[in-house]
Amino acid sequence: MVPRPVRLAALGVLAEGVVGVVVVVLMVIAGLTFSVWGFVALLAIAVAVAGVALLLGHRGARGPSVVAQLLAIGCAFYAAVPSGRPDWGVPVLVFALAVLAGLVSRPAREWAGG
C-alpha cells in the first residue's frame, strides 16, 4: 500500500500536471505556435502521468516527481527573487517544498526501497 505522504505528494504532482495542461490550453487560445506550447504540453503530461503512477503505487515514478519538484523550486525562486514576483514565486515554492517533503519522507523512502 502506498504510504499517506506519498499519496498526498502524488496528488500534488498530479495537480501540477493538470495546471500545466490548463496553461497549454491558454497558450493555444492565445495563438502561440506549436513549438512553444508543444514543449510545455510534453512536460505537463509527463508530470501528470508521474502523479497518476505514484497514486497507483509505481515506485519508479518517485524519481521523476522529485526532479519535477526541484525544477519547480528553481522556477519559483527565479519568479520570487530576480523577477520580483513573490506573489507568484512564494506560493509555488511552498507547494513544491511540501510535495518534495512528502516524496523524501521516511515512509516514502521505505516504500520506494521495496
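Residue 1 is the first one shown; counting continues down the chain.
Backbone N, Cα and C define each Cβ position, glycine as well.
Note: TrEMBL annotation is automatic and uncurated.
Over in TrEMBL, the protein carries these features:
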type	residues	note
TRANSMEM	7-30	transmembrane segment
TRANSMEM	36-56	transmembrane segment
TRANSMEM	63-82	transmembrane segment
TRANSMEM	88-105	transmembrane segment
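Under 8 Å from some Cβ of the transmembrane segment (63-82) lie the Cβ atoms of residues 9-10, 13, 16, 46-47, 50-51, 54, 88-90, 92-93, 95-97, 99-100, 103-104, all in the same chain and six or more residues away from its ends.
Using a Cβ-Cβ cut-off under 8 Å and counting only residues 6 or more beyond its ends in the same chain, the transmembrane segment (88-105) has close neighbours at 3, 5-6, 8-9, 12-13, 16, 62, 65-66, 69-70, 72-73, 75-81.
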